[in-house]
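Q: According to TrEMBL, the protein has these features:
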COMPBIAS  520-532  compositional bias 'Basic residues'
DOMAIN    384-509  domain 'Palmitoyltransferase DHHC'
REGION    506-532  region 'Disordered'
REPEAT    42-74  repeat 'ANK'
REPEAT    109-130  repeat 'ANK'
REPEAT    143-176  repeat 'ANK'
REPEAT    178-210  repeat 'ANK'
TRANSMEM  261-294  transmembrane segment
TRANSMEM  306-328  transmembrane segment
TRANSMEM  334-356  transmembrane segment
TRANSMEM  430-453  transmembrane segment
TRANSMEM  473-498  transmembrane segment
Amino acid sequence: MAEPGQQQDPVTRAVEASQRGDVEALEECLRQGVPASAKDVDGCSLLHWAAINNSVQCVEKLLASGEDPNVLGGILVSTPLHWAVRVGQLGASIRLVNAGAICNIRDSQGLTPLHLAVQNTHIGLTAYLLAKYPDSRDFTDNAGMTSLMWAAYRCYQMFPLKILIDSGADLNAQETLQGNTALHFAAQERNITAIRELLAAGADPTIPNKQHETPLDIVSNNRHQKIQRMLKKALRRKGALRGTFLDSIKDNPKNVRRIHFGAPFVCFALATIFFQLLHFGVAIACTLLLFGLAMYAIRDVSWQNSYLAVGITVTEPLVMLHVWSFYIYPFVPWYLQILFLVSITAVFGTLGLISLGDPGVIKPNLDKKAKMNLLVEEIEKNTINYFCYSCYVNRPNWSKHCAICDRCVKDFDHHCPWLAQCITMKNMKLFILFVFSVCVSSLIYTIGCFRFLTTELRDISFELMLQRHCWVLLTAMLAGCHVFFMTTLFTVQCINYLEGETTNSRIKRKRGQRGEHGHNHSHGGGHSHKHGQICKRFCSRAATQTDEPTVPAVIITAPATIEATSLQI
């Protein structure tokens with residue numbers, strides 16, 4: 001800082017102009033004779049400062065003035081691209097890459113720009129660098145660690161690790177110090193997301209490090225049961241670990257889905273038998289024990305990802321039909337019998353149409369070259385917030401990538417595990433009809449059970465009624481719960497539909513996000529357009545986007561703030 005009355009050094013003024021993004025002041029300094037390659041006392045060039053502060057116009061001016069995009073500077077002897085990538089400045093990084101910046105230059109720690117993008121979880125930059133420099137995916141740092149290893153070690157979400165896997169990174173590469181693979185690092189950090197993605201991509205769990213430890217050995221030491229099961233399953237698939245007959249059944253996804261779908265049928269059938277043959281107190285105890293054992297057996301099962309909920313959805317109407325046919329129908333008027341059968345038929349019909357139908361799936365981009373070209377195009381157009389890194393498609397309004405189905409769908413409302421399907425504006429009418437049918441059939445069933453039980457109580461005692469018809473009473477209580485919850489859901493969905501709103505957009509808005517776009521993988525926004533209203537607000541996407549700011553919100557002015565050393569392992 002110059003003393004009052006003293007004129008500031010031209011290079012210092014140029015540095016401050018680059019930091020602030022003041023292109024006019026920078027041009028004045030260049031006209032006064034300051035070279036574009038000028039550096040401050042720390043050896044940091046003007047281009048370094050413009051890049052780290054995302055001063056895009058200053059970056060372009062310095063490059064046009066002949067500055068080398070790969071100039072080295074700073075404590076870590078790194079390039080402007082290193083600086084821009086470290087703090088996630090996408091705009092400056094794009095200008096540098098288009099001007100000839102390369103990604104194979106290592107700083108004094110051996111880190112390339114791709115390493116820094118991964119370490120700091122800059123998803124867009126990681127994808128852009130991989131698209132522009134595909135060979136950089138397996139570059140190593142001074143410890144022999146690839147970007148994939150850093151992702152397994154530092155990133156606890158699906159991205160950018162999945163982007164590296166999709167780019168063809170070496171899944172089984174070993175670092176030089178201890179011979180660890182990406183799986184070893186994920187096991188060490190108990191990074192379950194990384195382990196799942198690496199195993200799904202074909203990473204080898206049998207590779208030992210220099211201490212002769214496999215990833216399973218590392219996980220066994222930190223006692224993470226779920227990761228142990230995942231690794232043992234992978235080892236059994238490779239034939240490296242002998243499994244039992246039960247393991248062979250559990251390791252087959254088709255068998256697991258069938259068991260989950262059929263389990264509710266078995267449980268309800270056994271419960272029916274208990275109440276037919278045993279004293280109601282013993283039957284209740286046996287039923288509770290049965291369902292307790294069932295819940296324990298499926299304690300690690302995700303209801304979202306299994307067919308268990310669908311099995312329950314199918315089984316409960318069948319149980320209602322069974323009880324109705326054997327006990328209830330003589331005690332209700334003919335019109336309620338017809339209405340009950342119509343509503344039950346509608347339940348099964350809408351369930352089949354929704355579960356087997358297309359909710360509006362956006363076809364993923366499968367061509368690798370086309371994926372990379374589209375990715376670069378979207379990033380350079382500054383529309384990356386609308387891009388899905390899983391499907392490699394530009395998502396339309398109100399679309400979302402469903403993490404359960406692993407696909408992008410249009411006009412996403414929510415994923416319904418009870419139907420194993422995404423609910424969207426396309427199948428919303430069917431879903432509302434399904435909910436209404438469940439509500440009506442449950443209400444009629446509850447009324448029928450009440451009429452049946454009250455009639456029985458006129459002739460027998462309450463205890464004898466429980467002995468004979470306790471199962472009817474329990475199913476009536478279950479149906480009553482359905483009436484309450486389904487009525488609430490029906491009301492909410494009708495309000496959403498009439499307002500042209502979705503559940504997803506409401507949640508996004510409450511979280512302070514835009515409602516137009518969304519993605520479970522943390523790389524999307526949203527937009528609050530309401531499609532179903534008479535008065536619609538139209539606005540282009542361009543109106544909601546801004547170019548890179550000329551003056552950054554926070555000006556980075558000290559090399560120490562960006563040249564932090566990497567973590568030691």
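Placed from the backbone N, Cα and C atoms, the Cβ positions cover glycine too.
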Q: Given pairs 6 or more apart, does the repeat 'ANK' (109-130) have at least three Cβ pairs under 8 Å with the repeat 'ANK' (143-176)?
A: yes
Q: May I have the DSSP-based helix, strand and coil counts for the residues of the domain 'Palmitoyltransferase DHHC' (384-509)?
A: 77 helix, 19 strand, 30 coil
Q: Taking every residue in the repeat 'ANK' (178-210), what is their average pLDDT?
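A: Within the repeat 'ANK' (178-210), the model's average pLDDT equals 94.
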Q: Using DSSP, how many residues in the repeat 'ANK' (178-210) fall into helix, strand and coil?
A: 17 helix, 0 strand, 16 coil
Q: Write out how many residues of the repeat 'ANK' (42-74) are helix, how many strand and how many coil, based on DSSP.
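A: Residue counts in helix, strand and coil order: 16 helix, 2 strand, 15 coil.
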Q: Going by DSSP assignments with H, G and I as helix and E and B as strand, what are the residue counts for the repeat 'ANK' (109-130)?
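A: For the repeat 'ANK' (109-130), the helix, strand and coil counts are 15 helix, 0 strand, 7 coil.
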Q: Provide the three-state DSSP residue tally for the repeat 'ANK' (143-176): helix first, then strand, then coil.
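A: The counts are 14 helix, 0 strand, 20 coil.
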